[in-house]
Amino acid sequence: LECNKLVPIAHKTCPAGKNLCYQMYMVSKSTIPVKRGCIDVCPKSSLLVKYVCCNTDRCN
């Protein structure tokens, strides 16, 4: 699986076991992602951040 990084033109191949792409948003500003990459478990959320995930190449 390949996931986008925060810079739109950059992407990376995910290591074994991390087979989801994610975008992390601040809950207070939920329109602009602050981090992107590979993740193993989804969804994750807290009081400050939320994760939006998908499982196809460069879908984040």
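Cβ coordinates come from backbone N, Cα and C, glycine included.
Listed in Swiss-Prot as the disulfide partner of Cys42, from the options Cys53, Cys54, is Cys53.
In Swiss-Prot, Cys14 is paired through a disulphide bond with Cys38, chosen from Cys21, Cys38. In this structure, of the disulfide-bonded residues Cys3, Cys14, Cys21, Cys42, the smallest number of CB atoms within 10 A of the CB marks Cys42. Cα to Cα, Cys42 (disulfide bond) and Cys54 (disulfide bond) are separated by 9 Å. Looking only at Cα atoms, Met24 (site 'Important for cytolytic activity') sits nearest to Cys53 among the disulfide-bonded residues Cys3, Cys38, Cys53, Cys59.
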